[in-house]
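Here is what Swiss-Prot says about this protein:
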- 37-44, Thr71, Gly97, 176-184, Gly234, Arg250: GTP binding site (BINDING)
- 355-372: compositional bias 'Low complexity' (COMPBIAS)
- 27-301: domain 'Septin-type G' (DOMAIN)
- Ser211: phosphoserine (MOD_RES)
- Ser253: phosphoserine (MOD_RES)
- Thr256: phosphothreonine (MOD_RES)
- Ser312: phosphoserine (MOD_RES)
- Ser320: phosphoserine (MOD_RES)
- 37-44: region 'G1 motif' (REGION)
- 94-97: region 'G3 motif' (REGION)
- 175-178: region 'G4 motif' (REGION)
- 352-372: region 'Disordered' (REGION)
Amino acid sequence: MAGGVMDKEYVGFAALPNQLHRKSVKKGFDFTLMVAGESGLGKSTLINSLFLTNLYEDRQVPEASARLTQTLAIERRGVEIEEGGVKVKLTLVDTPGFGDSVDCSDCWLPVVKFIEEQFEQYLRDESGLNRKNIQDSRVHCCLYFISPFGRGLRPLDVAFLRAVHEKVNIIPVIGKADALMPQETQALKQKIRDQLKEEEIHIYQFPECDSDEDEDFKRQDAEMKESIPFAVVGSCEVVRDGGNRPVRGRRYSWGTVEVENPHHCDFLNLRRMLVQTHLQDLKEVTHDLLYEGYRARCLQSLARPGARDRASRSKLSRQSATEIPLPMLPLADTEKLIREKDEELRRMQEMLEKMQAQMQQSQAQGEQSDAL
């Protein structure tokens, strides 16, 4: 009897999270990660270690003479990773050649341009008619590698971070941290934190834990916050530790560095933050804060005083989002976009005419039935 009363009083809203979980797992997840920093800091090795895959098997390392005049290039690599029935489409954006030239003036401009181009493409797609299948190519996170051999951030590091800190979530990383003693690591971390504050460079901010979070999560969250900038070591090689256990790490004459040992480096904290706990928040900050900031700047540029008279601005304020002019496309892309929209409008018109014909036919059949 009590069970029957319980069933009658149960509506079923408690099952809503299960619906979202099934839908999310079926759809899969997209994540775009940018890696930047000078060559030789272990960026490729760390990425392969983080995701247990080889994204750089076809890479050719240029000779030292070729690096003298090397220019920065943007490379995009994609891989689908499945774990426990959950699929993640990972897109890695690499920046080979960054900081390798003798003259590094404005070498960060291609990176800024690439990030803004992804915002521009998303804004264009979002303002179009076909909004169901928008491909999100925006950069959700940038791992910026800092040399362990300097005394903090170099002028190039500061210039790059200033140029992108309002466009992407920055996570600073000290590469090849096994070159430092523990005391040196902590001193370098504090120096970098002080410089970031002094230069007013905004890096990714961890959201505050809810009061109802369990204590283990709060402890892990505090450890991750204290680890920034993450001092990491990457390796896909399996070696034997002092207890003859197989571990991923690096063997030296003075001992073994274990990649997944929290006493040796911050690799586990970085992977936990990047994948297990804050991946979705990185995407939300990208959309709700960084992209919206770009979108607002685009709209403000259209309504600057002097660009249009007051009447034009009044008219613009009444326009819908789909009517707002977007950044100019190349002519070929514009013609292609127009053809696609014309074809979509034609299909919608045909569907509407078909529905009207069916309604008229049903109405005629109803009138005939009434006459009989």
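Backbone N, Cα and C atoms are what each Cβ position is placed from, and that goes for glycine too.
Swiss-Prot feature annotations superimposed on the structure.
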| residue | record | Cβ contacts under 8 Å, 6 or more apart |
| --- | --- | --- |
| Gly37 | GTP binding site | Lys43, Thr95, Phe98, Gly99, Leu143, Tyr144, Phe145, Ile146, Val173, Gly175 |
| Gly40 | GTP binding site | none |
| Asp178 | GTP binding site | Val233, Arg250, Tyr252, Val257, His264, Cys265 |
| Met181 | GTP binding site | none |
| Glu184 | GTP binding site | none |
| Ser211 | phosphoserine | none |
| Ser253 | phosphoserine | none |
| Thr256 | phosphothreonine | Val239, Arg240, Asp241, Gly242, Val247, Gly249, Arg250 |
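With a cut-off of 8 Å between Cβ atoms, the residues of this chain six or more beyond the region 'G1 motif' (37-44) that come close are 55-56, 59, 67, 94-100, 143-147, 156, 173, 175-176, 232-234. In three-state terms derived from DSSP, the residue listed as 'phosphothreonine' belongs to an extended strand segment. When pLDDT is averaged over the region 'G4 motif' (175-178), the result is 90.
For the region 'G4 motif' (175-178), the DSSP-based tally of helix, strand and coil residues reads 2 helix, 0 strand, 2 coil. Under DSSP, Glu184 (GTP binding site) is assigned to a helix (H, G or I) in the three-state scheme.
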